[in-house]
Amino acid sequence: MAGALWEIEKELFTKLPAPSSAINSHLQPAKPKVPQKKPSKWDPPAEFKVDLSTAVSYNDIGDINWKNLQQFKGIERSEKGTEGLFFVETESGVFIVKRSTNIESETFCSLLCMRLGLHAPKVRVVSSNSEEGTNMLECLAAIDKSFRVITTLANQANILLMELVRGITLNKLTTTSAPEVLTKSTMQQLGSLMALDVIVNNSDRLPIAWTNEGNLDNIMLSERGATVVPIDSKIIPLDASHPHGERVRELLRTLIAHPGHESSQFHSIRDIITLYTGYDVGTEGSISMQEGFLATVRECASFDLDAFERELLSWQESLQKCHNLSISPQAIPFILRMLRIFHDAIHNPSPSSPSPSPSSSSSTSHPTPASSSTSSTLPSSIPSSSNTSPPPASSSESLVGVEECAWLKVVVPNEKPAPRRYHSGVLYEGKLYVFGGVCIKTASNDFYVFDFAKKKWSIVVAQGEAPSPRCGHSATVYGGKMWIFGGHNNNKQPYSDLYTFDFAKSTWEKIEPTKDGPWPSPRYHHSATLVGASLYIFGGAEHKSKYHNDVYVYKFDANQWELLNATGETPEPRAGQMTVEWNNSLFTFGGHGGEGGYTSFVDAHVFEIATNTFHEVDCSGTFPRTARPLSYVPYYYGSGDKREGAVFSFGGSDGKSPLGSLYQWNLKTHKWKIIKAWMAVEDNTIGSMAAIASGKLDPIPRYGHCTVLDDTGVISIFGGSGSLFLDDIVQFDMTES
């Protein structure tokens, strides 16, 4: 298993060239050298009394003589991530040299891991102006001819030297390898790790106490017996009034009151693992995670909190003394507050909680576990384009000035489409038509219609050549037809084909435009905007390292594509942006691109159709975050000089967690604002309204959903992805304010 687990993206290690002194010109001015004491091996004794005053070097990486080139088996520079890093191989192992903007928090979390008996990578903090730091930088400069990575390191006061854990991240497991790796012991370790994450409020792994999708990239399964090793840990302290503490209390009440029963929270974690690996660990796997979680909780509940607080303060003092690093002043009080919750749950249990039946605990249906034939490759993380149907007729009053709205959850009695994201959705004659998207890990080409009047889903029975399974495509309504363009398949192969669905005839047709004009290159998560009898395609991604900023127009009457010669302040290549028509121009905002798609944009541009010219405009207010594309819908009211326009957008993601706010962008003033959403008293009704309680999970934060707006001022969203893939319909009534 070890050989199968250790995955490195390329051959990491090359022969080390001779060192260069060129780094000296890129280093900060020399500072007085601080003598560094040799780190000693740290083994946590039963009675936790450790003197860390010498250095925060609690793991023994061993000495690395950066001047002795003979000891290196290889060194390789990588620009993966936002700052880049180096891999260094010696006889004693492989290590990572990197910058960490979170170095004090990461170091503190590793100390907590050791205290709780969890495995953590060996780590040492190296001062860049120390003798070791200077020698390290000069050595690494020899292979970094561009100086891009080494300059970043040299400008940091401290550098992180970390052991490379040989293994595989949890999200890379497949249906073949998962049964061998996800043993009872592994599941118990995952439970213990979740307890640690609850203590430090780290939602970026398995989100047992949060509503996001988590990040299985931050859980490594070591080749040494599938040992669970956390990576990229952090502490995010919260105020005492935050609902995180109450959610943890409720979770503990449920687990303690119903031992041996699968809780809804751990059932959701089980679903997330199924989603990524295609393998269902079953009820036994969930219960094993619960056992590991409670074992760590009980261990923490046995701590002498006064003594433990002194230990935490000594760690903090050591970080400050040795490396001038300071964790947040709220971190230690927050950790102690969480430990008191653990202590109270074990020693002063509350009355029993209701039965933890997964099926009754959440309004969200759990996805069907993937079969063994499910692809092991996850779909693209870039969400699909929004609905681009023509704007509906205006309601009796303008919605541009609305500050509040009511939301309601639509209860559907009959069978629903499978949960999905990155699908398309258009509104036609009062019905929502949903095509394609990713269902768990598989792109689909199924086609559903939802009748809002009857509250009923139906499969659309159609004739003709339907589009192949895809996600990230665009859908536009024109001339009694839905027009599908682009997208990508399971293997992230992008498309540039064009299909229509005739609503009256219920027929599909593949469109073959005339060859006179240039055809758009394959792409997904582009924007498709209807202006008169033309469809404008802007941007999109061809793959994670290739983004576009070109503008194509498809003229329906001529059945012809044209590449426009756009000039002016052209936006950077991007995907996932919102683009709408306003006064015969295209207004576009946001998106992301850059190497690997990690650059998020919060800029706005106007493309004047008459002159094919871009210019940038300034926006004000509270912007939506755009690490994942936004689902949006345009709205127009009035005519002539009194015409108003806005864009409504719900959800999205900051790259780590799905979001749950409703935004409005005023196209006249370029101002963004958040619209306060109020909850309906009953499902399917508006009724009287009450404020959403703090921590309320509905409407569930999400991304990758579709959004439509009807002529009465009601916005409807379907599906998307939160902590799980979703299959619900949520509505926002903009007239109930």
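Each Cβ is built from the backbone N, Cα and C atoms, and glycine gets one as well.
If you look up Swiss-Prot, you'll see Thr82, Lys98, Glu163, Val165, Ala178, Pro179, Glu180, Val181, Leu182, Thr183, Lys184, Ser185, Asp232 marked as ATP binding site. Annotation source Swiss-Prot lists compositional bias 'Low complexity' at 358-397. The annotation region 'Disordered' is assigned in Swiss-Prot to 21-44, 347-397. For 431-480, the entry in Swiss-Prot reads repeat 'Kelch 1'. Residues or ranges marked as repeat 'Kelch 2' in Swiss-Prot: 482-533. The repeat 'Kelch 3' feature in Swiss-Prot is assigned to 534-584. Under the heading repeat 'Kelch 4', Swiss-Prot lists 586-635. Positions annotated as repeat 'Kelch 5' by Swiss-Prot: 646-693.
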Three-state secondary structure, which DSSP defines for Leu182 (ATP binding site): coil
Cβ neighbour count (within 10 Å, all chains shown) around Asp232 (ATP binding site): 17
Winner by Cβ contact number (other Cβ atoms within 10 Å) across the binding-site residues Glu163, Glu180: Glu163
Sparsest Cβ surroundings (other CB atoms within 10 Å) among the binding-site residues Ala178, Leu182: Ala178
Assigned element (helix, strand, coil) containing Asp232 (ATP binding site), judged by DSSP: coil
Segment-level pLDDT (mean, integer) for the repeat 'Kelch 5' (646-693): 70
